[in-house]
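Per TrEMBL, the feature domain 'Succinylglutamate desuccinylase/Aspartoacylase catalytic' maps to 14-208. Feature annotation from TrEMBL assigns Zn(2+) binding site to His23, Glu26, His118. Under the heading N-acetyl-L-aspartate binding site, TrEMBL lists Arg65, Glu180, Tyr290. Per TrEMBL, substrate binding site is recorded for Asn72, Arg73, Tyr166, Ser167, Thr168, Thr169, Arg170. Per TrEMBL, the feature active site, proton donor/acceptor maps to Glu180. Feature annotation from TrEMBL assigns domain 'AstE/AspA barrel-sandwich hybrid' to 221-300.
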Amino acid sequence: MSSRTNISCLQEAARVAIFGGTHGNEMSGITLVNMWIQNSAEIERNGLLIKPFISNPRAVEKCSRYIDTDLNRAFTPENLSAPDVEGLPYEVQRAKEINRMFGPKGSADAYDVIFDLHNTTSNMGSTLILESSTDLFNLQMVHYIKKAMAPHTCSVLLNEHPQLKYSTTRSVAKHPVGLEVGPQPQGVLRSNVFESMRTILKHALDFIELFNSGVTFPPCTVDVFRVQERMDYPRDTNGNITAMVHPHLQDCDWEPLNRGDPMFLTFDGRTVLYEGANTVYPTFINEAAYYEKQQAFMTTGREILAANAIRKACK
């Protein structure tokens, strides 16, 4: 990357992958990707190699989140460098295959962009997930998408935290982007969620085509929700859940949670209040897939990120 007169010149994004089925029961991405594998006309753009891809086919076949372990947490250095021996968990084998096909992770040969399509049972609406606050390409792209989606909202979750590490499927790419749309039950396809995901992908691919054509994107700012802490359910000494998400918090993703606000309702009717010092913005509230991860919701903080103007670097 170079900078001249405050314009950052970035390499073109020539290769793009669209992953569905990282979790085999999240139907919107699975359906869209299978549709585009059969007929890619809708996602074709000038000068772009775009590959729709089912990332966890065995889980998709069983309509289950995963077979042996969560593929979206499997892209660790240890897993990717593990020898190819018999008995590896299926998702570790698959992570190694994906890394060979679309990576290697962290290398110049990796795909430029991977969109990883997910559904949530939480009331998050449409959410773009970023992994870096300094990726100017992604910041400009989500700014473009948010403007194109208006007046409909599209939140941006920034998964950047020193104590919360994610080894996601999309992290193989130079510019990884997650797309989470809900609420939608597992194993179910809802038309409004399907169409929202489809529309966001259209705008994202439009942005990449424009960038590659030489369009300069001016400086911008992006409102993001930066991940802070995973909040577990209250539990007894045996580790059993003793409370539910409070009805005043349920379905209130991205809304402020202040000190003293209801957070949980115990099975015997007692309200557990939020005792944090600062206002937070919960998300992934009561996500079905996160019970096994001992997470009732995730807290975030709001901030504004600034991005330089960008254009494609001259060859």
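Numbers run from 1 along the shown chain.
The backbone N, Cα and C atoms fix where each Cβ goes, and this holds for glycine too.
Unlike curated entries, TrEMBL annotations are predicted automatically.
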Candidates Glu26, Glu180: member of the binding-site residues with the richest Cβ shell (10 Å): Glu26
Integer Cα-Cα distance in angstrom, Arg170 (substrate binding site) to Arg65 (N-acetyl-L-aspartate binding site): 17
Other residues, Cβ within 8 Å of His23, Glu26, His118 Cβ centroid (Zn(2+) site): Gly21, Thr22, Gly24, Asn25, Gly29, Arg65, Asn72, Leu117, Asn119, Thr120, Glu180, Ala289
Site of maximum Cβ density within 10 Å, from binding-site residues Asn72, Thr168, Thr169: Thr169
Rounded Cα-Cα span from Glu26 (Zn(2+) binding site) to Ser167 (substrate binding site), Å: 19
Nearest recorded site to Glu180 (N-acetyl-L-aspartate binding site) by CA-CA distance, among binding-site residues Glu26, Arg73, Tyr166, Thr169: Glu26
Largest inter-residue Cα distance among Asn72, Arg73, Tyr166, Ser167, Thr168, Thr169, Arg170 [record-listed substrate binders, Å]: 10
Glu26 (Zn(2+) binding site) to Arg65 (N-acetyl-L-aspartate binding site) - Cα separation in whole Å: 8
Between His23 (Zn(2+) binding site) and Thr168 (substrate binding site): CA-CA distance (Å): 12
Cα-Cα distance linking Asn72 (substrate binding site) and His118 (Zn(2+) binding site), given in Å to the nearest integer: 10
Under 8 Å by Cβ from Arg73 (substrate binding site), same chain, sequence gap 6 or more: Tyr166, Ser167, Thr168
Arg65, Glu180, Tyr290 excluded, remaining Cβ within 8 Å of their centroid (N-acetyl-L-aspartate): His23, Glu26, His118, Thr120, Thr121, Phe284, Glu287, Ala288, Ala289
Number of helical, extended and coil residues in the domain 'AstE/AspA barrel-sandwich hybrid' (221-300), per DSSP: 3 helix, 31 strand, 46 coil
For His23 (Zn(2+) binding site), nearby residues of its own chain (Cβ under 8 Å, 6 or more apart in sequence): Asn56, Ala59, Arg65, Tyr66, Asp70, Leu71, Asn72, His118, Asn119, Ala289
Candidate with the highest Cβ count within 10 Å, taken from the binding-site residues Arg65, His118, Arg170: Arg170
